[in-house]
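In TrEMBL this protein carries:
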- 1-32: region 'Disordered' (REGION)
- 15-32: compositional bias 'Basic and acidic residues' (COMPBIAS)
- HIS35, LEU37, GLY63, GLU96, ASP124, ASN139: S-adenosyl-L-methionine binding site (BINDING)
- 42-221: domain 'Ribosomal RNA adenine methylase transferase N-terminal' (DOMAIN)
Amino acid sequence: MTDSSAGEGTAYGQRDPDALARRAGARADPDRDQHFLVDDRVLDRIPGYLPDDADRSRLLEIGGGAGALTDRLLAAATGDAAATGDSPSRRVTVIERDGAFAEFLREEFAAAVADGLLDVIEGDALDVDLPPFSACVANLPYGVSSEIAFRLLPEKKPLVVMFQAEFADRMVASAGESAYGRLSVSAQHYADVEIVERVPKEAFDPQPAVESAVVRCTPRDPDYVVGDEAFFLRFVKALFTQRRKTVRNAVRNTAHISGLDDPEAVVDAADEELLRSRPGTLEPAAFAALAELARERGSPAEA
Ligand SMILES: C[S@@+](CC[C@H](N)C(=O)[O-])C[C@H]1O[C@@H](n2cnc3c(N)ncnc32)[C@H](O)[C@@H]1O
């Protein structure tokens, strides 16, 4: 059941999201993490949130759905290409788990596929090999947004990604704020993380239960050094399971998570003021320094 009033032949960036959903034939199913963005103004703004100096030559989208954002990404890619004259190297890749929508994207954007401008990968974004990409722009499936974010962040590429607002608030929170936690320290380990737009439920069809927010992650090295990233992230996770305890007790009580064989040796060597503080007040650099001490004194097991 297709509505052929637009589609292939329509200039990129001008497709009406409601008409795309109608042409796709299948209705978005919230039980499959399908909430389609139908507000043109939000869709039009999203690609523009990439950092000015971001390389737009290989854009990755996760969860293409009926293609409203894919259309804007093709416009961004071809618009830039026209300006720079290097269109052959441009490519948008979409990973979509739902076979019906993956097939629809190939039909709707058949010309872009034929021109080598668009690749549609049908598969689960948690399992498929990620294609090479220079930046990722996506309205993520919220059920797996954390897992996808932590697949993407270590790639150290700019990301402009829609999350549930509460998740986004935790990603950007600073030490001492109530939303500050494991997610804040882990995300900010890889990138400068900021909310660039809050998006109301009404911008989606069907509407999700909660508000959303677009987050920009601009990769950079942290202002501290960790010798073992996996241990650092495990140590942060462990301490935040005891966020209301003192750091002293959190180190002692979470050896089963951090893998420390000798947490007492860490407590003996650490600064007293630090040990009296709470994990929720420690800056990322203080976590890193304590993780390094824990690695030296606490005999952590291999993960
Ligand atoms: C929130 S919708 C966004 C759709 C579209 N990009 C938009 O903005 O309207 C998320 C999309 O991700 C797809 N999806 C859900 N889980 C997925 C997964 N694990 N891997 C890849 N795609 C997934 C859904 O089928 C759906 O099309």
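Every residue gets a Cβ built from N, Cα and C, even glycine.
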Cα-Cα distance maximum in Å, computed over every pair in HIS35, LEU37, GLY63, GLU96, ASP124, ASN139 that the record assigns to S-adenosyl-L-methionine: 20
Least buried by Cβ count (within 10 Å) of the binding-site residues GLU96, ASP124: ASP124
The compositional bias 'Basic and acidic residues' (15-32) - residue tally per DSSP class, helix then strand then coil: 11 helix, 0 strand, 7 coil
Number of other Cβ atoms within 10 Å of the Cβ of HIS35 (S-adenosyl-L-methionine binding site) across all protein chains: 24
